[in-house]
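Feature annotation from Swiss-Prot assigns disulfide bond to 28-33; the stated evidence is a curator's inference.
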């Protein structure tokens, strides 16, 4: 080995068989991209709830 780097937890979570995780259920490697539907659904739900909560907070002004 020429060099070794200790990975932190976030970096370890992004390793998926040489693919890059974009944190929303989308993964890409050199050949293709794909979606993990369970992760994607959770990410979209979080975005929707966050937007809904922000709009409610803004209604009080």
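Note that Cβ sites are derived from N, Cα and C of the backbone, with glycine treated the same way.
Residue environment of residue 28 (disulfide bond) contains 13 other Cβ atoms, counted within 10 Å of its Cβ in all protein chains.
Taking the Cβ of residue 33 (disulfide bond) as centre and 10 Å as the limit, one finds 11 other Cβ atoms among all the protein chains shown.
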